[in-house]
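Read the structure below first, then the notes.
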Amino acid sequence: MEASHENNTTTTPITTLSSSFGTLGSHLARRLVQIGVNDVFSVPGDFNLTLLDYLVAEPGLNLVGCCNELNAGYAADGYARAKGVGACVVTFTVGGLSVINAIAGAYSENLPVICIAGGPNSNDYGTNRILHHTIGLPDFTQELQCFQTVTCAQVVVNNLEDAHEQIDSAISTALKESKPVYISISCNLPGIPHPTFGREPVPFFLPPILSNPLGLEAAVEETAKFLNNAVKPVIVAGCKLRFAKAQKAFLEFADASGYPITIMPSAKGLVPEHHPNFIGTYWGAVSTNFVGEIVESADAYIFVGPIFNDYSSVGYSLLIKKEKSIIVQPNRVTIGNGSSLGWVFMADFLSALAKKLKKNSTALENYHRIFVPSGVPLKCEKDEPLRVNILFKHIQEMLTGETAVIAETGDSWFNCQKLRLPENCGYEFQMQYGSIGWSVGATLGYAQAAKDKRVIACIGDGSFQVTAQDISTMIRCGQNTIIFLINNGGYTIEVEIHDGPYNVIKNWDYTGLVNAIHNGEGKCWTSKVRTEEELVEAIATAAGAEKDSLCFIEVFVHKDDTSKELLEWGSRVSAANSRPPNPQ
């Protein structure tokens, strides 16, 4: 350097890219870690292999290879439920269109899932070339078009100049809107250094969203007047509590009000069931005993974050009157038949409302007057075939603050809904989308995220047949989940809506299948259970000698052994489905 100055020479700028610059692949990997993703669920394909190299190289990231893209998407869904955000990586079109069902489910449940697809080489865009993994047309937008309706943002990264902005914009949109996003990355770009990636990614700053002060004040004043004039108001919590990040404010409001707390079925796990004012699930005709009567006889009910669909309304049969209702959505409050005030955010509203309410425990006192404790299932005789209600009595006894329950679509919805969750016990199910098979991948993802909890999954045989392969990934990841496979020979929930021969499935040797998948690698234990004695012994083994193993317990029950709630719910949903066309 000194010699150069002495000779008055100048240094020619280097025009090639410095290897000290970061790459798109390393930037994306760091971004995922920064937002809380430490496990990415993937299926390799030729369009995403280079990107996967960079994800593998990131110290804070663990790449979890799944058996298929659908399960990778379900796993990202389950992971997002436990950690607040999830991610999956698939290949172009064949992978993207396979994962899309899971992404649609995450969209319906307001879960931020970053869905990353490896895309065509950037040089192929704008040409007339036909690529493999397409439908045979020189048009690469089929995958993008499909994702537009099930994600809140879509970006196609096929040049490095805009890549930084595109990736950050998509990820921040997912976090702000609590919905999935789609990011396609050309297969030749992840490893190329670029100046825009020349430094460690600056952590996101998402500015807080504040309510309109005047709207908030008006909503609080009008709601407080409405509720303070009521004789026996009640609270009904809905699933959008999670999306609105308003659980703390909800408890503040509930404590101040003195009202009984109930939940819609999809909100189970979002409200602490050990709260002294908690009375159970409001689900119309299939509510927890005495809860439906208390809610529907109230002169005011405040629904916090509800979704009213045909399933949650039991075939549109809820006896709820609009003029008695206050509906609190994540960004809007509607009071009876009157005002509807927007840009009023749930957490702000509930916290402010708590300060304006008169305590009123009338409805809670009425509940305690009429309440009669539920009976216990009749004891099984020795060697008597196991009944479902006996199974769930024993599952109830397994629950602690160090467990979490995953309930598959089907009769497990109803049986798990009746479980009383101890403090800090997790609970997840997919009620809005209701995709059978969801629970296998979701269990994988949830267990990977919540390593401080032992997951207890209740899965029907029909649902398990859809997504069974990723039991393999659970074993590979060293998970110690307990899976109760309920073998009743078919799609029981469909039977109660509309029966037919299509609801009977081919029976499998489920424990034999899991043993074959295990193949002596990793820790896995299986058991077949036909009686209560065998169930007790299996649970003891799972909790004791096999506490560090994946435990798969196949439970044989009669095909017509269902919860009474499913029988009632099925008949009402059937009636809603079979309504004749309106007269023209």
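The backbone N, Cα and C atoms fix where each Cβ goes, and this holds for glycine too.
Marked as domain 'Thiamine pyrophosphate enzyme N-terminal TPP-binding' by TrEMBL: 23-128. Among the features that TrEMBL reports, domain 'Thiamine pyrophosphate enzyme central' is placed at 220-337. Summarising the annotation, TrEMBL assigns domain 'Thiamine pyrophosphate enzyme TPP-binding' to 430-555. Per TrEMBL, the feature Mg(2+) binding site maps to Asp461, Asn488, Gly490.
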Spatial neighbours, same chain, of Asn488 (Mg(2+) binding site) - Cβ under 8 Å, 6+ residues apart: Gly460, Asp461, Val557, His558, Lys559, Asp561
Tally of DSSP helical, extended and coil residues in the domain 'Thiamine pyrophosphate enzyme N-terminal TPP-binding' (23-128): 51 helix, 21 strand, 34 coil
List of residues, in chain order, with Cβ under 8 A from that of Gly490 (Mg(2+) binding site) and at least 6 apart: Asp461, Gly462, Asn503, Val504, Ile505, Lys559
All-chain count of other Cβ atoms within 10 Å of Asp461 (Mg(2+) binding site): 24
Arithmetic mean of per-residue pLDDT over the domain 'Thiamine pyrophosphate enzyme TPP-binding' (430-555): 94
